[in-house]
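Record features, source Swiss-Prot:
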type	residues	note
BINDING	HIS2	Ni(2+) binding site
BINDING	CYS73, CYS76, CYS89, CYS92	Zn(2+) binding site
Amino acid sequence: MHEYSIVTALIEECERHAFANNASKVSRVEIKLGILSGVEPELLRTAFETFKLEGICREANLVMNIQPLVLRCLDCGQSTEHSERSVICSHCQSGQTKVLDGEDMMLMQLELEQA
C-alpha cells in the first residue's frame with residue numbers, strides 16, 4: 001500500500017510548514033487528489049487517521065477534493081472534464097488527447113494554530 005508512504009510524506013510536509021510558522025498544531029489539511037493519481041481516497045484517509053495519532057497533526061481533519069480528469073483533444077482542440085478514467089475526447093471521440101489535470105496529489109491548504 002503506497003498510501004502509507006504518501007501519508008508519511010504528507011505529514012512530514014505539514015510538520016515542516018507548521019514549524020516554519022511557529023504553529024503548535026495543524027487543525028486542517030486540504031489536498032487535491034486527481035482521479036488518475038493512483039491513490040485510493042479511502043486508503044489514504046485510513047492511513048492519515050493512523051499516522052496522525054502522534055505529533056502536530058494529531059487533531060487535523062483531512063479534506064480531500066477529488067480532481068476530475070481534464071483533457072485537451074489534440075484533434076478538435078476541446079478541453080473537457082471526465083469523472084471517470086477515460087482519455088477519449090467526449091466531444092469527437094478521438095484518442096489523441098493530452099492530460100491537463102487530474103494526475104496529481106497536491107497539498108493545497110493548511111490551517112495552523114499557534115499556542
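Here the Cβ of each residue, glycine as well, is placed from N, Cα and C on the backbone.
The 10 Å shell around the Cβ of CYS76 (Zn(2+) binding site) contains 14 further Cβ atoms across the protein chains shown. Straight-line distance linking the Cα atoms of CYS92 (Zn(2+) binding site) and the residue listed as 'Ni(2+) binding site', rounded to a whole number, equals 36 Å. CYS92 (Zn(2+) binding site) counts 14 other C-beta atoms within 10 Å of its own C-beta, drawing on all protein chains shown. Listed in sequence order, the residues LEU74, ASP75, GLY77, GLN78, THR80, SER90, HIS91, GLN93, SER94, GLN96, THR97 complete the 8 Å Cβ shell around the Zn(2+) site centroid, once CYS73, CYS76, CYS89, CYS92 themselves are left out. Under DSSP, CYS73 (Zn(2+) binding site) is assigned to a strand (E or B) in the three-state scheme.
Here HIS2 (Ni(2+) binding site) is positioned 37 angstrom away from CYS76 (Zn(2+) binding site), judged by their C-alpha atoms. Each residue contributes its Cα atom, and for the residue listed as 'Ni(2+) binding site' and CYS89 (Zn(2+) binding site) those atoms are 30 Å apart. Within 10 Å of the C-beta of CYS89 (Zn(2+) binding site) there are 22 other C-beta atoms, taking all protein chains into account.
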